[in-house]
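*Asks:* Following this message is one structure expressed as structure tokens.
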Amino acid sequence: MSDTWLDKVHWTPDGLVPVIAQEAGTNKVLMFAWMNRESLRLTAETGQAVYWSRSRNRLWHKGEESGHVQKVHEIRLDCDEDVILILVEQVGGIACHTGRHNCFFQKLEQDGWVTDQAIIKNPEDIYHHE
């Protein structure tokens, strides 16, 4: 497969594109992340989500530490060609590093943020940093 399809993406000045991961089947939004050209190409090639970690300044294969990989069903480009949507199967049911199903577990109610999603698994049990 040629890489010319990557040229259609409108990358940010620093070579990134915002990505929304959505759960295939339920259409629930799981998380937001960034991809660079290489991570988007790897995602398409491997069928598993590979992001660009801005904090670690490196490729981040989703689930590389936790085992909670995202199997990609579909990759879509928005109408302005500057946002990617990936439909994924979330292995293990946990997309968020906090141990929750998705990263959008805080809801604005009145004048404050309320957590409305339980922790499925303690992050200390997921990430074994030594």
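For all residues, glycine too, the Cβ spot is worked out from N, Cα and C.
Sharing the feature lines straight out of Swiss-Prot:
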type	residues	note
BINDING	Asp78, Asp80, Asp82	Mg(2+) binding site
BINDING	Cys79, Cys96, Cys103	Zn(2+) binding site
*Asks:* Which whole-number value in Å describes the distance between the Cα atoms of Asp78 (Mg(2+) binding site) and Cys96 (Zn(2+) binding site)?
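*Replies:* Answer for this pair: 24 Å between alpha carbons.
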*Asks:* Can you list, in sequence order, the residues of the same chain other than Asp78, Asp80, Asp82 whose CB lies within 8 Å of the CB centroid of the Mg(2+) site?
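*Replies:* These residues sit around the Mg(2+) site: His10, Leu77, Cys79, Glu81, Val83.
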*Asks:* Let me spell it out: for each of the binding-site residues (Asp80, Asp82), count the other Cβ atoms within 10 Å of that residue's Cβ, using every protein chain shown. Which one has the most?
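*Replies:* It comes out as Asp82.
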*Asks:* On a count of neighbouring CB atoms within 10 A, which of the binding-site residues Cys79, Cys96 is highest?
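*Replies:* Answer by Cβ density within 10 Å: Cys96.
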*Asks:* Please list, in sequence order, the residues in the chain of Cys103 (Zn(2+) binding site) that are at least six apart in sequence and whose C-beta is under 8 Å away from its C-beta.
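*Replies:* Result: Leu30, Met31, Phe32, Ala95, Cys96.
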